[in-house]
Amino acid sequence: MEAEIAEFVSYSAYFFTLLFNTTLIYLTAYHTKRISLTYRHMIIGFALFGIGFSSLDIVVRPIMHSYNGCFLYFSLEGVFRSSKKITEVLLAIYSAVYSSILSFLTIQYMFRTCLVMKPRLVEYFQGWRCVFWLGYVFVFGFAWGFITYVYAYPDDYAREYVRSEMYEQYQVHSNDVPLFVLLAYGERNNTKFVRFQSLICIFGDMGIMTLQYAIMMICGFLLYKKISTDLKEATAMTAYSQVQKQFFKALLYQLLAPSLLVHLPAVPLFFAPFFDMKFSFRTRVVVYFFSVYPLLDSLILFIVVSDYKHAVRKIIAARAVQVLSLLNVASVAPTTSTTRYRVAEGVL
């Protein structure tokens, strides 16, 4: 039953992510006039990362499990489950894309801060200079994936430690599945010792996450102060300031939503091995949140930014006019196409 629920959540999240993110890309490219070209490129890139992450979720079908002093990250039902090596690489790439999405969100915070506070710095996000922020995203994505693949790769001791648990919970042998393990402590001659490879992995990944959050929080604070000051000084909210406020709210929600649903639940799982508590816990709920994560970002933009709501209304109104024209409704037939459009838009 648990496997069926996981499959339903994964495929449902993938379908809606594909639907909303492709819609977001289309609207951003062709129907948002008040958004700068550079930021449109960022929104499109972020949406593509979301689609890629959701696609990897379907291909890899990652599983997370906490057991005593270790944290397991593996796959049993991925598309390439017949190849252990390929799935191991894909698991590392999955974690790398997750880090890249977080880094990309940080870039958006930095861009919005420069746009509002130091507009002349925006040129460093344009043209060939975009290589720098793409490099930023790639470097931290690669670092997370590399750390996972190298320092969480299980040795014989780690595989032996989780052997009975994996067989009891999933009826598989730990040597036969693509698996990464964070095992905080080892034991030799009845003496415990810290496994430094796991220490490097945990603090390396947490260091990357902490850096991104620190930058976003600083940028968010600066944005809040600047936008609040501008709104107090202005007698009326201009269209420009309204857009800035909406995107600030969107970025804030894009930070808060995954923080509450994904990052905060995941952090205790990473550090739990160091407390060496005796428990066994299938962390399916965290995996569900990871599946839904890419969908949240596009939904937030649709809900918060008025340009997208207006664009959707205009498209629906235009289609309604076409339908009315085809049906040749008596009450609408004598009017012009412009009037029909206004009527349809007014209904919406």
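Glycine is no exception: its Cβ is also placed from the backbone N, Cα and C atoms.
Automatic, uncurated: that is what TrEMBL annotation is.
As annotated in TrEMBL, transmembrane segment covers the listed stretch 12-30 rather than the other ranges in 12-30, 316-334. Sequence-remote contacts of a segment are chain residues at least 6 beyond its ends whose Cβ falls under 8 Å from one of its Cβ atoms, and for the transmembrane segment (196-224) they are 99, 102-103, 105-106, 109-110, 112-113, 116-117, 140, 143-144, 147-148, 151-152, 181-184, 248, 251-252, 255, 259, 263, 267, 270-271, 273-274.
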